[in-house]
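Straight from TrEMBL, the features:
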type     : residues : note
DOMAIN   : 209-414  : domain 'ABC transmembrane type-1'
DOMAIN   : 508-698  : domain 'ABC transmembrane type-1'
TRANSMEM : 46-63    : transmembrane segment
TRANSMEM : 75-95    : transmembrane segment
TRANSMEM : 146-166  : transmembrane segment
TRANSMEM : 213-235  : transmembrane segment
TRANSMEM : 247-269  : transmembrane segment
TRANSMEM : 289-313  : transmembrane segment
TRANSMEM : 396-413  : transmembrane segment
TRANSMEM : 444-470  : transmembrane segment
TRANSMEM : 546-566  : transmembrane segment
TRANSMEM : 572-590  : transmembrane segment
TRANSMEM : 634-657  : transmembrane segment
TRANSMEM : 677-702  : transmembrane segment
Amino acid sequence: MMQALQGRIGLFWSGLLMAAVLALPWYKGGATLASALSEGVAGRVWLLPLVGAALALALLSVATRDWRVHPAGAALVGAGLGWLLLQGFGIGLRGPVLPGLGLLFPTAQSGQPGFGWGAWVAGIALIGALAEVLAARGFCRGERFAAFSIIGIVAALSLFVFFPILKLMSAAFVGPDGTLALAPFLNRITASDLWSVGCLTGAGRCGVVINSLVLGILSAALATALGLALALLVARTDFRMKRLLRAISILPIITPPFVVGVAIIVLFGRTGIVTVEVAEWFGIRPTRWIYGLPGILLAQVLAFAPVTFLVLLSALEAINPTLEEASTTLGAKPVTTFRTVTWPLLRPALAAAFLLAFIESLADFGNPIVLGGSYDVLSTKIFFAVVGAQYDLGQAATLSVLLLTLTVAAFWVQTRWLGRASYVTVTGKSDAGLVAPVPPLIKWAAVAAVVPFVVFTVGIYAIVLIGGFVKDIGRMEMAPTFGHLWTAFSFEINANGLQLFGSAWNSMITTLWVSALSAPLTMAVGILTAWLIARQDFTGKRAFEFGTLLSFAIPGTVVGVSYIAAFNVPPIDITGTMAILVICFVFRNLPVGMRAGIAALAQIDRSMEEASQTMGAGGGRVLRDVVLPLIRPAIFTALVYSFVTAMTAVSAVIFLVSARHNMATAYIMGRVENGEYALAIAYSTVLMLVMVACVAAMNWAVGKRRLGRRTGVTGTAQPAE
């Protein structure tokens, strides 16, 4: 029976490949929907070897009992996949992309368009056939589902993460004449406007790289210090506003990136509320001090401090209190206990929080574009190289390589250094000791830092809630109005039905579609990747895990520019479509779902899955029927993070949106650039309300994990989350 099943699976992949080359349109667009066979007969003869490989594989799967172990089967699959990639990426719109390929494809001088449905289905069929061949030779202990999943994810990562980065790096070496050379890259990367330290020596302005590093270090240090103060007050004091602090930590997650910057301008701009009041009371002349390093730094600290707070709060709550209690019992003063016990145990979390904030600062685009003024950083410099008065992809690629190098270096330091350190405090022994309160001096220092932060944050979000529904909050014209909201979302119901006239409807509908499509895909791929890493043993597992995590270290601006470089020409010319937006979010947010899944799987004993496998269930069925119901919290986390990020991200999509497929954050950015702050704030408020409603709906749809656990009443079992 097993051999019969294997035979049917082999026939499925070979049949799918046959359909791809004989029936489906091979190229994207065009007046005809010709298959690979038709195109090959009509003159594109380089497609005929693929047709021949498909026919040979189909005949082999019918003629042999198990084509997977036949040497010819492996050769046909490998040759077919290799030829598909070679002809697809080797022949562009104007013919062979490299001079040497002209000898291999002498009849391809007229070029070819991008991949259509036939080419994509053929690629999937060949990947499935390759997984069958490898599984038959012992890969993943012969588990076909796991083998197909691993190869499919590796192929997707290679295509949508590593290929764009390689394409971007090659673009950095392209000269004005379009040829590849080292000199253009060296000229760009050694330019004085990148590395100048004039602002430090008093001889002028600093370069873009120095500006980015200074901003990153200052922002990370201040955000980490403020996050530590917040965590200490919540975990180690009787501070009365603990719930408020926890609520504030969630706000940056659902806030569009421009909102804080716009609110700061409304408060501290040259005609801002606070600026005008200070000028009237104290006679201080209004200036534009908020535009530049001070404004960006203020916005980033407000945005990143809640993130560092969550990291440090988890670390504080994980410290075994018996260690601090032992120090106190031995007569140590609270300050000594904090300095010798608590602080050393917090060091890895402090380093993690600092590096996280540093990476976020380097990758930040929303705050510098709104508040940067003449203070250039890498992310905004990349943006203007692409959309500025003079399009310069080579300059954008060079700057992107620099930014990528900085963020990946910080990511590598975080994973290597913190990964090797050991700060174990949870050992399985009793940890029923009393948590040591922080020393009074440290407590009041934390209060002095946190109270202004809370007041300022509440003020910022008050501007957000009110500013979109008054005439002009910047000029203190507080007459209530829904005019801004109506400008964005006006509609009419008439004989033709519902008519949408507001200028923001297109971007809102596109954003909802992209988020709704990308969130479940991100969750599915992330959870599947987590299951493969946590439950499967295969060659290259560590490299597989690092490759999936690496996409999280790539800044959004780098992703956007790399996608332009890679997917604006055949064989994958998807720039300007909704597909490129969905793909971008899936692979940008994949690591979060993966890490959530790994953490959830670490709490589940393998014996339940092994019992299911003993009863004859395959890997796919075990994942569906056993694993997924037990990791619903991780599924919810992946869904929410992916959905909210797709709704609020700007740094990557700002390069990928089009007039037809605009996104909410790109629309808001356009309003901010035009000075329409009230309209931008009104749209942001609607966006946040929509996100809250969607998250609540996802929570209801996913539900809770229900396990029979004993409660405090003997003999009573109740479902627990």
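Placement of Cβ uses the backbone N, Cα and C atoms for every residue, glycine included.
Of the recorded ranges 46-63, 247-269, 546-566, 677-702, the transmembrane segment (634-657) has the largest number of C-beta contacts under 8 angstroms with 546-566. Tallying C-beta pairs under 8 angstroms between the transmembrane segment (75-95) and each of 46-63, 247-269, 289-313, 444-470 places 46-63 first. Contact count against the transmembrane segment (546-566) (Cβ pairs under 8 Å) is highest for 396-413, out of 247-269, 289-313, 396-413, 444-470, 677-702. Sequence-remote contacts of a segment are chain residues at least 6 beyond its ends whose Cβ falls under 8 Å from one of its Cβ atoms, and for the transmembrane segment (46-63) they are 7, 10-11, 14-15, 17-18, 20-22, 26, 36-37, 39-40, 70, 72-73, 76-77, 79-80, 83-84, 87, 91, 105, 107-108, 122, 129. Contact between the transmembrane segment (247-269) and the transmembrane segment (677-702) is present: at least three CB pairs lie under 8 Å, with pairs separated by 6 or more positions in sequence.
In this chain, the transmembrane segment (289-313) lies apart from the transmembrane segment (146-166): fewer than three C-beta pairs between them fall below 8 angstroms, excluding pairs fewer than 6 positions apart. Outside the transmembrane segment (396-413) by six or more residues, the chain places 165, 168-169, 171-172, 174, 185, 188-189, 194, 208-209, 212-213, 355, 358-359, 362-363, 378-379, 381-382, 385-386, 550, 552-555, 557-558, 561-562, 565 with a CB less than 8 A from a CB of the stretch.
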